[in-house]
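Since the structure comes first, as structure tokens, the remarks are kept for the end.
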Amino acid sequence: KQSRNLQYWRLYVLSLVLGIGGSFQYGIQVSVIASPAVHIQSFVNYTWMLRYEAPVDESADQLIWSFIVAVLSLGAWTGAIHSGSLPVTYGRKKALLFNNVVAIVAALLMLFSRMAKSFEMILLGRFLYGYNVGLGLSVHLMYLGESSPKKLRGFLTLTTSIFIGFGKIAGQIIGIKEMMGTEEMWPYLLAVSGLPAILQFVTLLFFPEAPRYLYIDKGDAEGSKRALQWLWQEDNLKLELDDMQKERESTQGEKVKTVKDVLSSRCVRWQLLTLAIPCAGVQFCGINALYFYAFDIFRESGVPEDQMHYLAIGLGATELITVTLCSFLIDRSGRKKLMGYGYLLMGVTMSLLTVMLSIKDLNSWIPYVNIGLIFCVIGIYGLGPSGVSMALPADLFLQAWRPSAYVISGTISWLSMFLVGMLFGYIVDGLGQFCFLIFVVYCFLSGAFLIHFVPETKGKTMVEIMEDFNKLNYKNSGADIEKTKDCLTTKL
């Protein structure tokens, strides 16, 4: 068993390389912006003074800052849209190499923004970072899912989530004032993401293109076999090549599906719902809101200001540890249970948190309970929804549908992140602690949907998974088997 797992070492190294330039960048970009906030705002003010010889007024300053934070998601949305075309035309590997160049340009913009006395360069840099993250996440998942054997697919696609958690912590740690969170260091802090990009650019050159892409999209059976032999160090590849052959025959002469096909076609209707509600909608389970709100709750519990950053790092660490646990559970207990019950538990814990926040003045120990509850919610999120929402989309769609499906899931998750980011401040002002109730409703609905409708996908081939879903897609019509064939071969 041990030697069997060791034979895949090149695949594990590939997942490291993909992670560092892929989802690690997402984690770092989400968290790194929090600590230099004060310095960037004063820089905006300073450049404004230089140009217009008047201080920037409060609301404009707030708006510029919100936009610097939120423009990341708009860039990411652009990247996610391109993830439907670039990796199909040029291949997964070239798409990632191009993507790293984008990140390096963004880092240079950040580096020289102070010298050039321009906060627009920060905005553009954030947008390009966003693009890098949006394209990188999708291609990272495609590449990994298409290079890993069925039994490791869940575990390896989960490394994406582990790298996000890792990136979040890295961003929080380098952002503390003992390291780079100072007045003079912030341009370097914002340029840090250039380093992983350079690293991935150099190392990825030594790896082959994704085997499934070579075989199914390009029809290069030899190249695919060589890539698999190199990555898996295994000569007996008959099963895997047969599976790809089956999928290639079924999609023979079929164009890669467009977004419109995915949205309108009946044979992927339930896959699309599964992608949209629990996976792409993961923003609405309130996790980012919790990260925003955590500081207020810490403050109310009497945590001193200068210690808050360390508690925040604790939250990041909790998420990282639980996501890592999840990666060991996902191929044992299955996707459906982990995510469905995870959502239900999150809903329960957040309802509790809402109640406790309402009565926090009754007793001096209640604020500490609230801190505990926040850690609980983040732990449950890491064990279930966080990880599975990355791994599940890789299981849901066949090769021809996959790129467009990622475009849709990217669109939903990035636009919802933009909305949550821009509006959440106003919602908290309006609703106070009851803002969590919005998320509670979402968690219960998602959990119920998963447990009740979605079939389990662990350890099944792509074609078997599709047959399971067709039972739902064609519930009322008798000719199931015909439909399966039809769904595989439709030329749209």
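From the backbone N, Cα and C atoms, a Cβ is placed for every residue, glycine too.
The list of residues near the transmembrane segment (12-43) in space but at least 6 beyond its ends in sequence, with Cβ under 8 angstroms from a Cβ of it, reads 61, 65, 68-69, 72, 76, 96, 99-100, 103, 114, 119, 122, 126, 129-130, 132-133, 136-137, 139-140, 143-144, 147, 156, 159-172, 174-177, 181-183, 186, 189-190, 192-193, 196-197, 199-201, 203-204, 207, 231, 288, 309, 312, 316, 390. Under the heading transmembrane segment, TrEMBL lists 12-43 (among others).
The domain 'Major facilitator superfamily (MFS) profile' annotation in TrEMBL covers 15-458. Mean pLDDT, taken over the domain 'Major facilitator superfamily (MFS) profile' (15-458), works out to 89 on the 0 to 100 scale.
Taken from TrEMBL, the feature transmembrane segment covers 63-84 (among others).
Packing against the transmembrane segment (96-116) from elsewhere in the chain are residues 18, 21-22, 25, 43, 79, 86, 90, 122, 124-126, 128-129, 131-132, 135-136, 139-140, 143, 186-188, 190-198, 200-201, 204-205: each is 6 or more residues past its ends and has a CB under 8 Å from a CB in it. Here TrEMBL flags 96-116 (among others) as transmembrane segment.
With a threshold of 8 Å between CB atoms, the same-chain residues lying at least 6 positions outside the transmembrane segment (122-143) that come near it are 18-19, 21-23, 25-26, 29, 33, 40, 67-68, 71-83, 86-87, 92-93, 95-96, 99-100, 102-103, 105-107, 109-110, 113, 157, 160, 190, 193, 197, 210, 213, 390, 393-394, 402-403, 406-407, 410, 414. As annotated by TrEMBL, transmembrane segment applies to 122-143 (among others).
The transmembrane segment annotation in TrEMBL covers 155-174 (among others).
Same-chain residues lying 6+ beyond the ends of the transmembrane segment (186-207) with a Cβ under 8 Å from its Cβ atoms: 14, 17-18, 20-22, 24-25, 28-29, 32, 35-36, 39-40, 43, 93, 96-97, 99-101, 103-104, 106-108, 110-114, 122, 125, 129, 132, 174-175, 180. TrEMBL lists 186-207 (among others) with the feature transmembrane segment.
Residues or ranges marked as transmembrane segment by TrEMBL: 272-295 (among others). Counting residues 6+ beyond its ends, the transmembrane segment (272-295) has Cβ neighbours under 8 Å at 30, 262-263, 308, 311-312, 315, 339, 343, 346, 350, 374, 377-378, 381, 385-386, 388-389, 392-393, 396, 405, 408-413, 416-417, 420-421, 424-425, 428, 435-436, 438-440, 442-443, 445-446, 449-450, 453-454 in the same chain.
The feature transmembrane segment is assigned by TrEMBL to 307-329 (among others). Outside the transmembrane segment (307-329), and at least 6 residues removed from its termini, the chain residues within Cβ reach (under 8 Å) are 31, 34-35, 154-155, 158-159, 161-162, 164-166, 168-169, 172-173, 175-176, 291, 294-295, 298-299, 338, 371, 374-375, 378-384, 386-388.
For 341-359 (among others), the entry in TrEMBL reads transmembrane segment.
Annotated transmembrane segment per TrEMBL: 365-384 (among others), in sequence order.
Taken from TrEMBL, the feature transmembrane segment covers 405-428 (among others).
For 434-454 (among others), the entry in TrEMBL reads transmembrane segment. Long-range contacts of the transmembrane segment (434-454) within the same chain: residues 270, 273-274, 277-278, 281, 284-286, 289, 293, 336-337, 339-344, 346-347, 350-351, 353-354, 357, 385, 424, 427-428, 472, each at least 6 residues beyond the stretch ends and with a Cβ under 8 Å from a Cβ of the stretch.
If one looks beyond the transmembrane segment (341-359) by at least 6 residues along the same chain, the residues whose Cβ comes under 8 Å of a Cβ in the stretch are 278, 285-286, 297, 366, 369-370, 373-374, 376-377, 380-381, 383-385, 388, 432-434, 436-437, 439-441, 443-444, 446-448, 450-451.
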